[in-house]
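Student: Sharing a structure below in structure tokens format, with a few things to ask.
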């Protein structure tokens, strides 16, 4: 019987060669300094940005004095700054004399408007609440720092000898009434 076998030559691809890892190690070593360099550049930029922000903040705080300013004048905690003045709006209520003493103890005084400027701004801010201010009736309405009141004040009783500010303007009140108050401090 004849042998019907078919033979074929099988050509298999050669086994993959193991690549030399040393080439990859060299590239990895070369990339490490680049990463370190990028980190250094990023940290340097961050430092420059932060220093610029500090300089900008100091310039805002000290005005045109820049670094000549030995210490920026700041308002105490819980006080609001407007220009060269700090203002404290109390949350608690006291009579006029206790409010006056509170402000004096903080190196300030009850809010005054000796030149009648700023009344409208504060009227808008205080809204419906009444706040003690540095105004009282002793032989006529006078501000605590001396000048006579040249604005009108609403009063409905002769016993109302202390001034308040309200959304609707200046009002007289009995000095014994417990109200909130506004202290004012001029920055050096």
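Positions of Cβ are set from backbone N, Cα and C atoms, glycine also.
What Swiss-Prot shows for this protein is this:
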{"type": "DISULFID", "residues": "75-86", "note": "disulfide bond"}
{"type": "DISULFID", "residues": "103-183", "note": "disulfide bond"}
{"type": "DISULFID", "residues": "162-175", "note": "disulfide bond"}
{"type": "DOMAIN", "residues": "82-184", "note": "domain 'C-type lectin'"}
{"type": "CARBOHYD", "residues": "82", "note": "N-linked glycosylation site"}
{"type": "CARBOHYD", "residues": "97", "note": "N-linked glycosylation site"}
{"type": "TOPO_DOM", "residues": "1-34", "note": "topological domain 'Cytoplasmic'"}
{"type": "TOPO_DOM", "residues": "56-188", "note": "topological domain 'Extracellular'"}
{"type": "TRANSMEM", "residues": "35-55", "note": "transmembrane segment"}
Student: Average the pLDDT scores across the topological domain 'Extracellular' (56-188) and report the rounded value.
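Tutor: Mean per-residue confidence for the topological domain 'Extracellular' (56-188): 85 out of 100.
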Student: Which one is closest to residue 75 (disulfide bond) in space, judged by CA to CA distance, out of the disulfide-bonded residues 103, 162, 175?
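Tutor: In terms of Cα distance, residue 75 (disulfide bond) lies closest to 103.
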Student: Please report how many Å separate the Cα atom of residue 175 (disulfide bond) from that of residue 97 (N-linked glycosylation site), as a whole number.
Tutor: 7
Student: For residue 183 (disulfide bond), identify the closest of the recorded positions 82, 86, 97, 162, judging by Cα separation.
Tutor: 86
Student: When you measure from the Cβ of residue 162 (disulfide bond), which residues in the chain that are at least 6 apart have a Cβ under 8 Å away?
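Tutor: The answer is 96, 132, 135, 136, 137, 172, 173, 174, 175.
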Student: Minimum Cβ neighbour count within 10 Å among the disulfide-bonded residues 75, 86, 103, 175: which residue?
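Tutor: Counting other Cβ atoms within 10 Å of each of the disulfide-bonded residues 75, 86, 103, 175, the minimum falls on 75.
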Student: Could you state the whole-number distance in Å separating the C-alpha atoms of residue 86 (disulfide bond) and residue 103 (disulfide bond)?
Tutor: 12
Student: Tell me whether residue 75 (disulfide bond) sits in a helix, a strand or coil according to DSSP.
Tutor: coil
